[in-house]
Amino acid sequence: MRTSVRTGAWVGGLLGALVAVTLASATIGPVEIGARSVAEIALAAALGGTATAPESHRTIIMSIRLPRIALGAVVGFALASAGTVMQGFFRNPMADPSIVGISAGAATGAVAAIVAPVAVPVALPVAAFVGALVAAFGVYALASEGGRTPVQTLLLAGIAVQTFLGAAVSFMLVSAGRDLREAIYWLMGHLHHSTWTEATVAAAVVLPGFLGLLAYARDLNVLLLGEEDAHSLGIEVERTKRLLLTVSSLLTAAAVAVAGVIGFVGLVVPHVMRLLVGPDHRILLPTSALAGAAFLVATDTVARAGAAELPVGIVTAAVGAPFFLYLLRKREVHAP
Amino acid sequence: MTPAIEIDAVSVTLGDTAVLDSVSTTIDEGRLVGLVGPNGAGKTTLLRVINGVLDPDQGSVRVTGQDVSALDSRATSQLVATVPQSTASTFEFPVRRIVEMGRTPHIGRFGTRTSADRDAVDEAMDRAAVSHLADRPVTEVSGGERQRVFLARALAQETPILLLDEPTSDLDVNHQVRTLDLVTDLVDEGRTVVAAIHDLDLAARYCDELRLLHDGRIRAAGTPESVLTAATLEAAFGARATVTTHPVTGAASVTAFADDAPESTTATVHVVGGGGAATPHLHRLDAAGVECSVGVVSTDDADAETARAIGADLVTVPPFAPVDDEARATVSERIRRADAVVVADVTVAPGNCPTLDAVLGADTPLVVVDGRPVDARNVAGSRGRRLVSRLRARGIVVDDDADAVVAAVRRAIDTPPIHDRSPYSP
């Protein structure tokens with residue numbers, strides 16, 4: 001009972017924070033639009049009324065800023081929830097969504113699509129998505145033996161595959177020629193030119209996946225005690241691991257496919273939320289997801305607020321890494 | 001009786017090592033069965049086979065009549081609960097949350113806790129005496145408390161079978177006894193408990209039956225008295241041991257020693273005892289392969305019983321009778337023939353003064369145990385005090401510790417009396 005009340009309070013508070021960040025972010029840009037107008041435009045669009053704001057403002061909010069904010073929220077949501085699951089699953093504080101080679105696989109697919117001589121529409125996100133999943137399942141297959149997948153082997157196989165794919169990406173970059181700039185920009189993580197379609201497609205993968213993970217929150221708690229303990233408490237350990245890995249890989253792949261490699265959201269946000277709400281995944285998972293969404297929307301606002309737009313991945317890493325080091329020095333971050 | 005656990009020809013090989021080698025045993029319902037044996041004997045592996053964590057390479061395990069390998073882990077976890085040996089924990093779940101995890105087998109994926117679940121958790125925490133820790137993070141309680149938290153988790157699981165892997169290894173004596181008393185209560189209520197226990201005395205005292213494992217095989221099975229014999233223990237542990245009856249609990253009590261028998265076991269030592277003061281030293285000397293004689297003591301003295309138990313030569317007088325000339329002559333002869341004499345921490349009374357005189361009258365190397373202060377154990381007045389100080393002046397004085405006594409005996413035998421070495425001595 002107490003857990004559900006606490007969860008409700010935290011989720012409510014973080015939803016409020018996400019709405020506030022969204023409104024604030026939508027007011028910021030080359031054209032100044034007040035928070036009132038933003039709220040009016042958004043409500044009118046949602047409920048079918050007419051807003052008093054000028055047509056140009058409506059276009060800026062509904063076609064440029066809000067789709068970008070929505071995509072940022074979905075990507076942050078996906079990365080933070082996948083990161084939470086990976087850290088719990090691997091019982092390793094340095095685990096993040098890219099640990100099993102997902103980001104490296106996506107990068108390989110995306111850069112291959114960018115440097116390919118023939119341009120195919122929507123080839124880039126599809127190639128990134130497929131690359132991410134192929135890499136994740138490759139790592140899983142390499143680490144499995146006789147129906148068991150030891151977590152340590154999985155980590156090491158992930159690192160080896162990441163290194164190998166990193167070499168492949170570097171090789172393609174060296175021979176990229178004119179496409180080099182676009183490829184590097186993609187690799188740094190970005191949310192510009194976002195569309196409602198991208199946000200909707202990503203959300204269609206992320207939200208059901210997240211609900212699936214949430215249904216396994218209790219199992220994830222028990223898995224934290226160790227696999228033998230989990231087994232003696234009735235968890236089908238290997239099946240649960242497979243399922244958690246598959247779903248969090250799907251979430252990460254969807255995020256990376258539309259936004260490139262955005263670091264630190266999946267690493268730092270779960271750590272901070274674990275400090276605030278404790279290790280129980282029934283509350284940690286939803287709060288991390290919402291905090292990740294708000295965090296990425298906020299950092300993307302910073303990324304695009306300057307004179308020259310920065311890839312958001314630079315901002316998340318620049319903000320996240322020092323903060324993580326601060327927590328580390330204060331001994332606030334331990335293995336989950 | 002119904003068998004709760006049937007293990008049939010189970011073999012487990014990990015790497016190249018056969019950890020369990022065709023192990024078969026049956027554990028009846030409502031019994032407390034201890035698994036004993038040296039480290040690496042396969043005790044933990046046997047528990048992991050019973051709770052289904054490990055699939056045996058060969059053979060089968062049946063729990064309440066059902067084949068474990070055919071059950072899914074949820075079904076197994078409703079029958080068997082396990083208290084793990086290592087309960088190190090790095091994440092800060094509150095104690096109550098850990099105990100609640102014991103309800104996992106009873107709650108569906110989308111189910112919520114019922115009042116039955118809460119009652120089970122409350123009762124389990126109460127019985128394991130961890131209720132007062134409910135809101136503390138499990139990372140901040142002591143090792144012993146954590147072990148009881150995990151015992152509470154297993155109780156909350158409400159299974160007919162409970163497996164304990166070294167349930168008392170992190171506990172102080174008080175909590176060891178309380179934990180095992182609780183386990184005994186659980187067995188009385190009809191649960192079946194299998195516990196790997198390295199403390200043989202605790203195993204003998206609490207278990208209905210024991211299984212002695214060694215090199216992946218069951219070497220002995222049955223009541224503690226039938227399993228814990230000097231012969232089986234020496235074979236399994238490679239150590240000499242004596243098995244006696246514990247004076248208070250009446251259970252078998254094991255004293256093991258490193259296998260340090262001297263190469264020649266021809267040494268004989270005469271021990272002056274009385275009132276049980278010599279008993280630990282006699283066991284230790286016997287285990288070290290020393291031939292003992294004991295006396296003069298009264299026929300019903302505790303030391304006389306020990307002497308009979310280890311087959312030592314015994315010089316006795318009837319209870320309350322003084323040491324007569326015949327007894328004095330016999331004991332003097334034993335003392336002269338012995339390679340060394342040990343005077344235990346005996347009460348010096350008029351009755352044993354003749355014996356102590358005989359010790360002083362011989363040249364045999366002497367070891368004097370220095371236990372209680374002289375005045376606390378002397379009831380023979382100034383004569384007794386004089387005897388004690390002369391004994392202390394002549395012999396090697398050691399603490400009342402069996403190992404120290406054996407070491408001193410060795411030294412005394414290796415070092416001949418001074419006048420034997422000196423050419424100028426008469």
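Placed from the backbone N, Cα and C atoms, the Cβ positions cover glycine too.
Since this is a predicted model, take the numbers as computed values, not measurements.
Residues or ranges marked as transmembrane segment in TrEMBL: A:66-86, A:98-115, A:122-142, A:154-174, A:195-217, A:243-269, A:310-328.
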Practice prompt. Residue list, the transmembrane segment (A:310-328) vs rest of chain: Cβ under 8 Å, 6 or more residues beyond ends.
Written response: 72, 185, 188-191, 259-265, 267-268, 271-272, 275, 295-296, 299-300, 302-304
Worksheet item: If you count Cβ pairs under 8 Å, which stretch among A:66-86, A:98-115, A:154-174, A:195-217, A:243-269 touches the transmembrane segment (A:122-142) the most?
Response: A:98-115
Worksheet item: Sequence-remote contacts (6 or more beyond its ends) of the transmembrane segment (A:195-217), Cβ cut-off under 8 Å?
Response: 67, 70-71, 74-75, 77-78, 81, 85, 125, 240, 243-244, 247-248, 250-251, 254-255, 257-258, 280-282, 284-286, 289
Discussion item. Please report, as numbers and ranges, the same-chain residues at least 6 past the borders of the transmembrane segment (A:154-174) whose CB is under 8 Å from any CB of it.
Written reply: 90, 92, 95, 98-101, 103-105, 107-108, 111-112, 115, 135, 138-140, 142-143, 180, 183-184, 187
